[in-house]
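One structure is given here, and the rest of the page talks about it.
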Amino acid sequence: MNSKIFAVLLLLAFLSCVLSDQYCPKSSITACKKMNIRNDCCKDDDCTGGSWCCATPCGNFCKYPTDRPGGKRAAGGKSCKTGYVY
């Protein structure tokens, strides 16, 4: 009986980790001079190692997702270019 309860609890813990929502991390920067804005990415495919393309006031950067909401994913699109955008 105890082993069944343990197995169920272990399964629930595993599912909560796998099914938890992921977000771009919130940026600690609130503003950026236009001459310093650059995009390292425009879409998630531009990033490596499971990181996402996240938007910040200083441009788009590859960041690892977190379980805390607050950041935003880069919109990408045809107008997005990598490098300095000024």
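Here the Cβ of each residue, glycine as well, is placed from N, Cα and C on the backbone.
The disulfide bond annotation in Swiss-Prot covers Cys24-Cys54 (among others) and is backed by similarity to another entry. Close to Cys54 (disulfide bond) in the fold, though at least 6 residues off in sequence, lie Cys24, Pro25, Ser27, Asn60, Phe61, Cys62, Lys63, Gly71, Lys72, Arg73, Ala74, each with a CB less than 8 Å from its CB.
What Swiss-Prot records for Cys32-Cys58 (among others) is disulfide bond, and it gives similarity to another entry as the kind of evidence. DSSP classifies Cys58 (disulfide bond) as coil under the three-state reduction. Cys58 (disulfide bond) has a Cβ environment of 16 other Cβ atoms inside 10 Å.
Within 10 Å of the C-beta of Cys41 (disulfide bond) there are 23 other C-beta atoms, taking all protein chains into account. Marked as disulfide bond by Swiss-Prot on the basis of similarity to another entry: Cys41-Cys53 (among others).
Counting only residues at least six positions away in the same chain, the Cβ atoms of Cys53, Asn60, Ala74, Gly76, Gly77, Cys80, Lys81, Thr82 sit under 8 Å from the Cβ of Cys42 (disulfide bond). Under the heading disulfide bond, Swiss-Prot lists Cys42-Cys80 (among others).
Using a 10 Å radius centred on the Cβ of Cys47 (disulfide bond) and all shown protein chains, the other Cβ atoms total 19. If you look up Swiss-Prot, you'll see Cys47-Cys62 (among others) marked as disulfide bond.
Helix, strand and coil counts from DSSP across the domain 'WAP' (21-66) read 6 helix, 14 strand, 26 coil. Swiss-Prot lists 21-66 with the feature domain 'WAP'.
Per Swiss-Prot, signal peptide is recorded for 1-20, and the stated evidence type is sequence analysis.
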| message | Measuring Cα to Cα, how far is Cys47 (disulfide bond) from Cys32 (disulfide bond) in Å? | response | 22
